[in-house]
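Reading through the structure tokens given below for one structure.
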Amino acid sequence: MRVRNKPWAKGYMADHLDRLVVEPEPLKGNWQSRFPSNQPLFVEIGTGKGQFIIEMARQHPDRNFIGIEIQTSVIAVALKGVVNSGLTNIQLVHTDGEAINTFFEAGEVSGLYLNFSDPWPKKRHTKRRLTSPVFLAHYADVLQPEGQLQFKTDNRGLFEYSLGSLNNFGMVFEGVWLDLHAATDGVEDIQTEYEQKFSKKGPIYQVIAHFPTNN
């Protein structure tokens, strides 16, 4: 998806480095220093314009949240939303989430969110999917024991691939939804801006799973 350039973005980001991290590696193992309270840490990879992560932070003041986004013009919009929200339990990171294990310590993360990731539909691009085995290995490194991975998409092909990938990796499924918005089991459903725009075109799929613990 092509994102329109925002001339104000870089200046705004430079003015709000208390809410935005541009060099995450030095914070490995010490992310709690970015928050006023030491609380369980939840991370969204590909946070977009921030609607999901901001609402999560608002509804869960007893958790700390980090939203990772690589596109400058997109994360600038998210940053403006974070600043305007006044919430102190959320930080944004301007980087590529593919290398998550290089800037989070083992077991530092309580939960991970993957919302509407790029489906990379061509077979030669399979390894780029955020639910491919190489990325699952990174998530397994940083998640605490039984920390949840929550994956949501509107792409049936990507969802089916992801179910197989998670299963082959030995993950334990806690819930699978083939039409999340029609669910009646009380599952938490905080929507992204993309989700609100496109959910009328078809079902939203979700899986929640965790990695097995070593006995």
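FYI, residue positions are counted from 1 along the chain as it appears here.
Cβ coordinates come from backbone N, Cα and C, glycine included.
These come from Swiss-Prot:
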- ASP118: active site (ACT_SITE)
- GLU44, GLU69, ASP96, ASP118: S-adenosyl-L-methionine binding site (BINDING)
- LYS122, ASP154, THR192, GLU193, TYR194, GLU195: substrate binding site (BINDING)
Proximal but sequence-remote residues of the same chain as GLU44 (S-adenosyl-L-methionine binding site) (Cβ under 8 Å, at least 6 apart): PHE52, ILE53, MET56, PHE65, ILE66, GLY67, ILE68, LEU112, TYR113, LEU114, ASN115
Densest Cβ neighbourhood among GLU69, ASP96, ASP118, ASP154, GLU193 (recorded positions), 10 Å radius: GLU69
Secondary structure of GLU69 (S-adenosyl-L-methionine binding site) (DSSP, helix/strand/coil): strand
Candidate nearest ASP118 (active site) in space, where candidates are the binding-site residues ASP96, ASP154, THR192, GLU193 and distance is Cα-Cα: ASP154
CB-centroid shell, 8 A cutoff, S-adenosyl-L-methionine site GLU44, GLU69, ASP96, ASP118, site residues removed: ILE45, GLY46, THR47, GLY48, ILE68, ILE70, GLN71, GLY97, SER117
Pairwise Cα distance for GLU69 (S-adenosyl-L-methionine binding site)/THR192 (substrate binding site) [Å, integer]: 14
Cβ-Cβ neighbours of LYS122 (substrate binding site) (radius 10 Å): 8
Integer Å distance between the CA atoms belonging to ASP96 (S-adenosyl-L-methionine binding site) and LYS122 (substrate binding site): 21
